C-alpha cells in the first residue's frame with residue numbers, strides 16, 4: 001500500500017468477463033476480487049491473453065463486465081448505462097492508449113481541449129492549463145497547432161497523457177503506453193507518468209515490460225483471468241537501487257513469467 | 001483471373017452490404033421512372049395514331065348548325081381537289097350541359113350523335129358495352145370512367161336549359177378528338193330511339209351537322225379548314241361551330257401528358273445523376289478504406305486493370321440487378337399511369353410491356369454507371385503498391401485546423417460538428433448537389449400543382465383561354481350592337497369584353513385570328529414581348545408565327561381573310577398552347593379592313609364577385625329573351641383543368657415522396673459510412689467521456705448545415721427558376737415566357753418537411769453509434 005495514502009479508489013467483486021465467438025465462450029476474467037488505492041501507481045502484468053487490457057477497461061467503465069461489480073469510490077459503475085458511464089469517465093478517468101489514439105483530424109491542442117471543454121466551464125482557464133501542461137511535458141507552442149501525423153510518436157503520446165490529465169481525473173488508466181514507442185520516447189513518457197503519480201495522481205497501467213513495470217509501487221500479476229500475484233514495492237525514484245528490480249524479477253520468476 | 005475479379009467484386013459487395021442495398025434502391029427507382037417516362041414519350045404519338053387508324057378518324061372535322069347553308073358547305077368540301085372522301089351526319093349540340101364531373105357540378109358541351117347512323121369515319125367504339133341497350137342508354141367518352149369514376153350501368157343525370165335528363169351508361173367510347181375537354185365539345189352517342197326522342201324534346205335549336213373529311217394529301221394542304229371556316233362565317237352564322245384539323249386536336253390533347261412525361265424523365269435523370277454521384281462517392285471511399293488491400297493485391301501481382309475491373313463489375317452488376325425489379329415494378333405502375341393518360345387523352349392506354357423502353361432505360365443507366373465507375377476508379381492506376389501499403393501516407397493531407405477550440409466561443413458539440421463539416425468538403429458538395437436537385441424537383445412539382453389546383457391564371461394564360469364567366473353569342477347576326485351595352489349595364493356584370501376568333505392565313509399558313517375592341521380589358525394576357533394592337537394597322541403575332549415567317553416587332557405581315565389581304569405592323573409577340581400556337585391578334589377596326597361588314601357577334605361577360613352564373617343567365621333570358629347562346633366558360637375551364645389536376649397532383653406526391661425517400665437513403669448511406677470510417681475517432685471520443693447523444697448531435701450537425709444549404713439552394717432555384725424550366729418543357733409548343741403563380745407558404749412548408757425528415761433520419765441513423773461499445777470502437 002502506498003505509504004502516503006491508503007484510501008480505497010475502487011473495488012471489484014466477483015468480476016467476470018466472457019467473450020462469445022461463434023457459439024464458443026471465452027472466460028477472460030474470472031471472479032476477480034480486487035481493491036485499488038488512491039495515489040498508487042498500479043501495474044497490471046501477465047502474459048498475452050491473460051486478460052490485462054480486459055481488466056483495465058472493465059474497471060475503468062470503458063467496457064461492461066459480464067459478471068460482478070466494480071465500485072469506484074463506493075459507486076457501482078456496472079449498473080450504469082452507457083451514457084452514465086460516459087459522464088462517469090469524463091469526470092473521473094483519464095486514458096492513455098498504446099496506439100495513442102489522438103484524433104488525427106484535430107491539432108494537438110484541440111485534442112486536449114476536446115476533453116477539457118467537456119468538463120470545465122472556464123474555457124480560458126482550461127486553455128491556459130492545457131498549454132501549461134503541454135509545456136511541462138516538453139511540448140511547446142510550436143507543437144500545439146500541429147496534427148498528430150506531423151509529430152513524433154513520443155510527442156503524440158505525451159500529448160495523449162495531457163489529454164488524460166487535463167480534467168484532473170481520479171485515476172489514469174494506461175494501456176501499454178510505451179508499447180508503440182522507441183526506447184527514448186518510452187522513457188520520456190514514463191517520466192511524465194512517474195512525475196504526475198508523485199503529485200498524487202492514481203495510475204493503473206498495463207504493461208509486459210519489466211523496466212516499465214518498475215515505475216509502479218504495486219504489481220498485480222494476472223494469469224488466465226485470475227490475479228495470481230500482488231507485490232508491493234517502494235515508490236519509484238530515479239535513484240532506486242538494483243534491489244528493487246531484483247525484487248520484481250524474482251516475483252515474476254516465481255509466477256513463471 | 002476472371003474468377004479472381006469476381007471474388008474481389010463479391011468481397012467488395014459483401015463488405016458494403018447496406019451501401020449496395022441503398023444503391024440498388026436508387027438505381028431501381030431511377031430505372032422505374034425512366035422506363036415509365038420513356039414508355040409514355042415513345043408510345044404516346046404512335047398510340048394516338050394507331051387509334052386514329054383503327055377508328056378512321058377524319059383529317060378535318062366540323063360541326064355547325066343545321067340550316068340552309070349546309071349544302072354550300074358540303075359542295076365546298078366535295079369540290080375541294082384534295083378531298084378523298086367526306087360524310088355529313090346529323091348531330092345535336094348542347095353547348096352548356098350541367099353535369100357532375102369528378103365530384104363537381106360543371107358545364108360541358110355535348111355533341112350528341114346517333115350511334116346507329118351509318119358512318120365510315122370517326123367510328124363508334126366502346127371499351128366494353130352494356131347489353132341490352134334501350135332509348136335511355138348513353139355512350140360516354142372514356143374520361144367519364146377514367147377521370148370521373150363513372151362505371152358501366154351507372155345512372156347519369158345532366159341538365160340542359162331547364163330540362164333534366166337521366167340515362168344509363170351503356171359504354172365508354174374511345175375518341176381521339178372529342179373525347180376530352182380540351183377540344184370543345186364531348187362526343188356522346190345515343191341509340192336511334194334515344195337520339196330521336198332527345199331531338200324531338202329539344203327542338204330545332206340544338207340541331208347541328210357533323211362533317212368529316214378525309215384528305216388525300218393531308219400534309220401539304222391546309223386550306224380547306226380555312227375555307228370552310230370562312231364560308232361558315234360568311235354565311236352569317238353566329239352560333240357555336242367548330243372546324244378542326246386532327247393534328248391540332250391531337251396535339252392539344254397531348255400537351256399536358258407530354259409535359260408530365262417530360263417532368264418524369266427529367267426527374268428520372270436527376271435520380272440517375274444522384275446514383276452516379278453516390279457511386280463515385282462509394283468508389284472513392286472504397287479505395288480510401290481498402291488502400292492497404294489494394295497495395296497487397298498489387299504487391300502480389302494484380303494489375304490496376306484487374307482491380308478496376310472488380311469495381312466496374314461490382315457496380316454494373318448492381319445496376320443490372322436493380323434494373324430488373326425496376327422494370328418489373330414499372331409494369332405494375334404503368335396501368336396507373338396509363339389510366340392518367342387515358343383520362344387526359346380520352347383513349348384507352350394499352351398496358352403492354354414496352355421492351356424497347358425497358359432496354360433503353362437499362363442501357364442508359366448501365367452505360368452511365370460504367371462510365372462513372374471507370375472514371376472514379378481510374379486513380380487506382382496512379383497508386384503505387386508501396387504507397388497503398390502505407391495506407392495512403394503519401395496521400396495524407398494536412399488541412400487547416402478549422403474552428404480551433406482554444407479560440408472559438410461556439411458550443412463544444414457545435415464546434416466539433418463544424419470541424420468535421422469543414423473536413424468533408426467533397427462529400428458536402430455531393431450532398432448539396434443531391435439535396436438541391438431533389439428539392440428543386442419537389443418545389444417545381446409543388447408549384448405546378450398549385451398552378452393547376454390553386455391559382456390557375458398562369459396555366460390559362462398559357463393555354464390562351466380567356467378567363468371569363470360567360471360567353472354570349474348572338475343567335476341572329478346583324479343585331480343592334482347596343483344590346484351589348486345593355487348587358488354591360490346589368491348590375492351583376494363587372495365588365496364585358498370582346499374576343500372573337502376567325503381562321504385566316506399568312507402566306508398560305510392557317511392561323512387563328514383573334515379580334516378584340518380592347519385587349520387591355522382581357523383577363524388572359526398572352527403577349528410576352530411588345531404590346532397588343534391598338535390601331536387598325538397593327539397586329540400581335542404568336543412567337544410560333546413570327547419564327548415561321550421570320551418576322552419580329554416592327555415588321556409588316558400580310559394577312560388574308562376571305563380572299564382579302566392586308567398588311568399589318570407587328571407590335572407584339574404572343575404565346576399560347578391552344579391552336580398549336582398559330583395565333584395572331586388584331587383590333588375590331590383592323591378586322592374591318594379585311595371584312596368591311598364585320599360586326600361583333602359574341603361577348604365575354606365577367607360577373608361581379610359572388611354573383612351566380614345561373615341566376616344571371618336566367619335574368620338575362622328574362623330581360624333579353626331568345627337572343628343568346630350562352631356558354632359557361634369558367635365552369636368549362638375548371639373542368640378542362642380538372643382532367644389534369646389529378647395527374648399533376650399524383651406526380652407531385654410521387655416526386656415529393658421519392659425525394660424524401662432518397663434524401664433519407666443518402667443520409668443513411670453517408671452517416672453509416674461516416675460512422676464506419678470514423679469508428680476509431682468516435683471510440684476515442686466516447687472513451688474520453690462523450691456520450692451517445694453528444695456524438696449523435698455531432699454527426700447530425702456535421703451534415704445538417706449541408707442539407708440546409710442543399711434545401712435552400714433547391715428552394716431558391718425552384719422559386720426563381722421553375723418558370724424557366726417550365727418554358728423549357730413547353731418550348732416546342734411555342735411558349736417563351738411563363739410566370740407561374742408561387743405559393744410561398746407551400747414552398748416553405750415543403751422545405752421545412754424535407755429538413756425535418758432529414759434531421760429525424762440523421763438522428764435516427766446516428767443512433768447506431770449507441771449500439772457500439774467504446775471498447776469495440778477502439779479495439780476494432
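From the backbone N, Cα and C atoms, a Cβ is placed for every residue, glycine too.
Residues B:429-452 are the range that TrEMBL records as transmembrane segment, among B:381-404, B:405-428, B:429-452.
TrEMBL lists transmembrane segment for one of the ranges B:211-235, B:286-310, B:311-335, namely B:311-335.
Counted over residue pairs separated by six or more positions, the transmembrane segment (B:740-761) shares at least 3 Cβ pairs under 8 angstroms with the transmembrane segment (B:644-671), which defines the two as touching. Mean model confidence for the domain 'ABC3 transporter permease C-terminal' (B:265-385) is a pLDDT of 84. Counting residues of the domain 'ABC3 transporter permease C-terminal' (B:265-385) by DSSP class, helix then strand then coil, yields 105 helix, 0 strand, 16 coil. For the transmembrane segment (B:355-375), the neighbouring stretch richest in Cβ pairs under 8 Å, chosen from B:255-279, B:429-452, B:692-720, is B:255-279. DSSP places the residues of the domain 'ABC3 transporter permease C-terminal' (B:654-773) in helix, strand and coil in these numbers: 102 helix, 0 strand, 18 coil. Ranking B:255-279, B:429-452, B:644-671 by CB pairs under 8 A with the transmembrane segment (B:692-720) puts B:429-452 at the top.
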